[in-house]
Amino acid sequence: MKNSADITVLGAGSYGTALAISLASNGHKTLLWGHDPVHMQTLAQDKCNQAFLPGIAFPDCLQIEADLAKALAASNNVLVVVPSHVFGTVLEQAKPLLRSDARIVWATKGLEPETGRLLQDVARDVLGEQYPLAVLSGPTFAKELAMGLPTAISVAGTCPTFTNYLVELLHSPKRLRVYANDDFTGLQLGGAVKNVIAIGAGMSDGIGFGANARTALITRGLVELTRLGEALGANAATFMGMAGLGDLVLTCTDNQSRNRRFGLALGKGCDVMTAQAEIGQVVEGYRNTKEVFTLAKRLGVEMPITEQIYQVLYQGKSPVDAAKELLSREKKSETPAQ
């Protein structure tokens, strides 16, 4: 079946819209679908996502499609950009409408709620083994991406042909450098754990601990990410790249990050519900914390920063007490013997 679009993007929030704008700015015919018909009608009329990316006009190659069946019929390349807690649900909706030659990539960052499973496992459970899968991840704030400010990301998947296609599709000499990576697991994990550590960095700054503490927390957070990744068979080198260190530093240090701002509010004394309300959008790290903590416990991986953030979010511990517990942990070597 011939494509009438180069790619269909599922998810018309800030990040899905930004990726659609970036793709269309490359000259690729891009369809953008979202679950809310009223929102989609507004996007089509305004030629701009005023709710999430105000003032950034859609390129001519970007089209809005409110009908999921039509959106999925238009292209065999499907980019899913929805919150992690509805990732499986969206795939269930899409499954009977997918073309037989469909290829699925996602930019969703997180794990499956409750179980802590990787999204590749969710996708395989829903879709079976028929379709090539891929993930893209890296330091990409939606607004900067949509504005055409330069950054770099990584792409990994189950099929090298599809991965290489995505590199070519997404890459732009002016705005986006794209690296191929063969670590499918590592790229997915980095996007989930960095959200958790960003909440911790925000809490640290909210308490008033300063730049030294923030940097120490980021560094030890990277250690926790690498530990968990290696336990799942990921390549430790992945976490020194765009989907690891790159995304971690970005999310922990800039107030465009909803996760960091959520942590800041907690560190300044807000309760969890009030802090979430202040953000006004999905704070992926809130759910990610429980998911990552669950996964680490199941695998027996030590993640003390993640554990303390979990206790703040779900057990009512104060950020100050969490910091005290981290600082009073047993002394040990930074590089334990292998």
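Just so it is clear, glycine is given a Cβ too, placed from its N, Cα and C backbone atoms.
Remember, it's a predicted structure, so these values are computed and weren't measured experimentally.
What Swiss-Prot records for this protein:
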ACT_SITE  K194  active site, proton acceptor
BINDING   S14, Y15, H35, K109, A142, R258, V282, E284  NADPH binding site
BINDING   K109, G138, T140, K194, D247, S257, R258, N259  sn-glycerol 3-phosphate binding site
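Sequence features annotated in Swiss-Prot and their locations in the structure.
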residue: S14; record: NADPH binding site; contacts (Cβ under 8 Å, 6+ apart): N49, F52, L53, A142, K143, Q281
residue: H35; record: NADPH binding site; contacts (Cβ under 8 Å, 6+ apart): V90
residue: K109; record: NADPH binding site; contacts (Cβ under 8 Å, 6+ apart): S84, S137, G191, A192, K194, N195, E284, N288
residue: G138; record: sn-glycerol 3-phosphate binding site; contacts (Cβ under 8 Å, 6+ apart): T151, A152, I153, S154, M242, A243, G246, D247
residue: T140; record: sn-glycerol 3-phosphate binding site; contacts (Cβ under 8 Å, 6+ apart): Y15, A18, T151, I153, D247
residue: N259; record: sn-glycerol 3-phosphate binding site; contacts (Cβ under 8 Å, 6+ apart): N195, V196, A198, I199, G202, T251, V283, E284, G285
residue: V282; record: NADPH binding site; contacts (Cβ under 8 Å, 6+ apart): G13, P83, R258
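Shown are the recorded positions K194, R258; the one with the most C-beta atoms within 10 angstroms of its own C-beta is K194. The NADPH-binding residues named in the record, S14, Y15, H35, K109, A142, R258, V282, E284, extend over a maximum Cα to Cα distance of 22 Å. For D247 (sn-glycerol 3-phosphate binding site), the number of other Cβ atoms no farther than 10 Å from its own Cβ, over all displayed protein chains, is 27.
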